[in-house]
Every structure is written in structure tokens, then in C-alpha cells.
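Notes follow the structure.
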Amino acid sequence: MKAVIILGLVLLSVTVQGKIFERCELARTLKRLGLDGYRGISLANWVCLAKWESDYNTQATNYNPGDQSTDYGIFQINSHYWCNNGKTPGAVNACHISCNALLQDNIADAVTCAKRVVSDPQGIRAWVAWRNHCQNRDVSQYVQGCGV
């Protein structure tokens, strides 16, 4: 009985951590999922975006108190416009997806939603981190040495 209690406490203390991609691993994955050149956006720009939005972490979340929305996953996709978390007032859910799907180690759903985001007129400029850290910069370093 004591062993069961100890095992239970150990399991409760384990924290959930999503996949944190290595830079080149992410570049290869994004290429395989069709982001290289999608809507004219280079693979290097996508990797730069993921670096500055989530530090390549699939479990990253960020709450925005102003509109009570949350950004989810490797691309920090917002619950007000793009996904449904069941909590954000007036959510649109333009990607027709649960926000939890954007936190998976398999980033196929996140990529599909990111493609939807950049299909809007604002394109990749929808991401503040991309505008602040990647736009009009040499982003080739983000895929350098990755063989992509």
C-alpha cells in the first residue's frame, strides 16, 4: 500500500512538457509539411517565427488579459480568431480546431492552421514576433546547416 501511495505521488509530480524541437529538426518537419515557400514565405521565415513565438516549444501558451484570449503552440495561434478553447469570449475559430490540438507534439494541425492564418490578407504579418524579429532581416541562419 505504501508503494502505491509513493508511486501516485511520483506520478503527480511529473510535469507535462511538450516537444521542444531542435532548429534543424523543425526546419525539416516544416518542409515535409509543405511550408517551404507556402504563399511565398520561405522556410527560414517560418523557423524564425517559431523561434520567437514559442522557442520551438509545442506546449507554449500565453494568456492575453485584454481580450481574454490565449496563444497556443509552436506558432502561438490565438484563441480569439483561430481556435476554440471554450473560454475566449466571441471566438471565431477560423481554423475549425480545438486549441488543444495546437499543443500536440505532432505539429501537422498547427501547420494546417498556420496556412489558414497566412491565407488572410495580413499574411505572416499577423504574428507580432515575426514583424519584430524576422521581417526585413536575413533569416537564412534559421535553416543554415540543416540540409533543407
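Including glycine, each Cβ sits where the backbone N, Cα and C put it.
Now, the feature entries from Swiss-Prot:
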- 1-18: signal peptide (SIGNAL)
- 19-148: domain 'C-type lysozyme' (DOMAIN)
- Cys24-Cys146: disulfide bond (DISULFID)
- Cys48-Cys134: disulfide bond (DISULFID)
- Glu53: active site (ACT_SITE)
- Asp71: active site (ACT_SITE)
- Cys83-Cys99: disulfide bond (DISULFID)
- Cys95-Cys113: disulfide bond (DISULFID)
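Swiss-Prot feature annotations superimposed on the structure.
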residue	record	contacts (Cβ under 8 Å, 6+ apart)
Cys24	disulfide bond	Val143, Gly145, Cys146, Gly147, Val148
Cys48	disulfide bond	Trp130, His133, Cys134, Arg137, Val139, Tyr142
Glu53	active site	Ala60, Asp71, Ile74, Phe75, Gln76, Trp127, Ala129, Trp130
Cys83	disulfide bond	Tyr72, Ile77, Ala91, Asn93, Cys95, Ile97, Ser98, Cys99, Ala101, Leu102, Cys113
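Cβ neighbour counts within 10 Å, taken over all protein chains shown, single out Cys99 as the most crowded of the disulfide-bonded residues Cys95, Cys99, Cys113, Cys134, Cys146.
In the three-state DSSP reading, Cys83 (disulfide bond) counts as coil. Other Cβ atoms within 10 Å of the Cβ of Asp71 (active site), summed over all protein chains shown, number 23.
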